[in-house]
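What TrEMBL lists as transmembrane segment is 12-31, 37-57, 69-87, 107-131, 152-170, 201-220, 226-250, 271-291, 389-411, 418-435, 441-459.
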Amino acid sequence: MRNIVNYSNDKTLLFLIFPIALIFIIGGFVSEFYATTPFISLVASFLFVIIVFANIAYGRNMLINPLSIFSFMYLGYVFGSFYYAFSDGDFGKFLSYLNLSRFETELYLFYSILYAVVCYLFFVFGFSIFYKKKNVVLRGTWSGSYYDSLLILYKPICFLLITIGLAYWVWMSYTLAGGVIPMLLYFQAFRHLIEDAQLSTLPYHLYYAGVFLWLIASVVKNNKVSFYFVLFSFIGLVIGLSTGRITLAFTYVMAQMIFYYFCFPEKRRKIIIFLFSLMSLGFVVYFLRILSNQYFMGVDLDLSEKSFIGTIIGDGNITDLQQLVIVFKTFDSSNMLLGKSYLDTFRNTIGTQFGYEPHSIGLLIKELYIPSTSGAPTPGAIGEAYANFIFLGPAIMFFIGSVFSYIYMTVLDSKNPLVIMIYSIFLARFVFMYPKVDSTMMVNFLWGAGPLIVIWFFLRLTFNLIKK
C-alpha cells in the first residue's frame, strides 16, 4: 500500500513540476527577444530545470542533503544570468576593473553559464555513485548507549562553556564599542575595531560548542528543546551577528536545524519552513547592513530595486558569473594551479602560525586586477576547479559529488549523534558556502566543529576516569 501511495505521490509531483519547468524554459526563449546580452538567460533556464529535477530525484525522502544545500547556493548562477541578460552592459563591479570589450565579456559570460551547467551535471552524476534512497530514524539506536551515561556531565560543561563565551562577548562589547547595544549598532565596523584592538573572537566558539553539546544531549535523552535552549541559541545568533559576519551567524543556527531535521522525521516539514524563514531573515539583515554601510560612509541611500539587486548580484554577493569570467581570463594551461589551492585551508590555519600569509584564488586575483579598497572576488567551487585543472574542472566536480555522497551515506548509517552534529556543521559551514567561495570555507567548518570535538573527547575521557 505504501508503495502505491508513494507512486501516486511521485506522479502527482511530476504532473505539477513538468508544466512549471516547461513554462520556465519557454520564458528563457521569450527572454531572448528582450535581452541585451544574448543566450545566457536561455541557458540559465535549462540549468534551473536541471537543478529542480535533480533535487526531486535525490531529495524525495530527505530534502535536506548535500545536493540540495549545494544547489541552493548554486542557483546564484541562474539569477545572475537573468540579471546580466538585461543589465545592458553593467556586468558587475569586478568585471569593471578588467579591460574587456562588451563583445568579449558577453562571450565569456556565455562560456561561464555553459561551464556551470556541465559542472553541475557532473556533480550530480558523482553524487549518484554512492547515493541510496534512505529515510533513517536516527534516535532509536541511541537509547541505552554509552551516550546516556556520558551526558550526565553535560549540564555543568555546557553551563561553563556558555558562561565563558557570553562573558567574553560582553567584555569585548564594552572594550570595543562601550557596551552591548553600541556593539550591535556598529556591527558593520567590527572588523576594523577588533583589528585596531588586536583581539580575537576565538572564545566565541566555546559558546557555540556549548550550544551544540546541549542540543546533542537534548536529542539523545529524547527531551524536547526547552525555552532556555532556544533563548541561548538565539543569543549565540546575536553574538555572531555582532561580528558583522552574517553568513557565519546564520549557518550556526542552520547547523542546529539540520541536526534536528535528521533526528526528528516527523518535524521535517516545519524545519524546512523555518530554514527558509531563516534565510529570508538573513537577506533582511544583509540589506540592513548595506544601508548601514552607506549611512556610515556618508553615501546617499538608494533604495531603488535596481540598486539593491545590482548590489546583491553585481557586487559578487551570490554565486556569480562575472567571477567565472575573471577566472577564465586569468588561468590557462601555462599557469594552472594543479591542486595547490585545495591546500590553502591548511595554509590559512596551521600555516599562519608559522608566518605564512593567508592565500586563496580570490586574493591572487585581487592582486592582479582589483584595487585595495575593494574586497576580493571568490571563484566558487567550479571556478576553483578550473583554476587548478582547466578543462578537467567538471571531472573534479564529479569527484567532489561522489565524496559528498559517500560521506552522506556513511553518516546516515552511523546513527552517531556526535557524527551527525559534526556533519550538520559541515553542511551548513562548508557545503552551503562552497559553491560561492571555494575550498577555503573548510576553515569555517573546522572552527565550528573543532571545539566541539575537543570538548567531547575530554568529556568522554573524564567520564572513563570517573568510572575507573
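Including glycine, each Cβ sits where the backbone N, Cα and C put it.
Note that the structure is a prediction, hence the values are computed from the model and not measured.
Contact count against the transmembrane segment (107-131) (Cβ pairs under 8 Å) is highest for 389-411, out of 69-87, 201-220, 389-411, 441-459. Among residues of the same chain six or more beyond the transmembrane segment (152-170), those with a C-beta under 8 A of the stretch's C-beta atoms are 180, 203-211, 213-214, 216-217, 232, 235, 239, 242, 455, 459, 462-463. Within its own chain, the transmembrane segment (389-411) is flanked in space by residues 65-67, 70, 115, 118-132, 134, 331-333, 336, 338-339, 381-382, 419-420, 423, 426, 431, which lie at least six positions past its ends and keep a Cβ under 8 Å from the stretch. Beyond the ends of the transmembrane segment (226-250), by six or more residues, the same chain brings 162, 165-166, 169, 173, 183-184, 187-191, 201, 204, 207-208, 211, 214-215, 218, 256, 278-279, 281-282, 285-286, 289, 429, 433, 444 to within a C-beta distance below 8 angstroms of the stretch.
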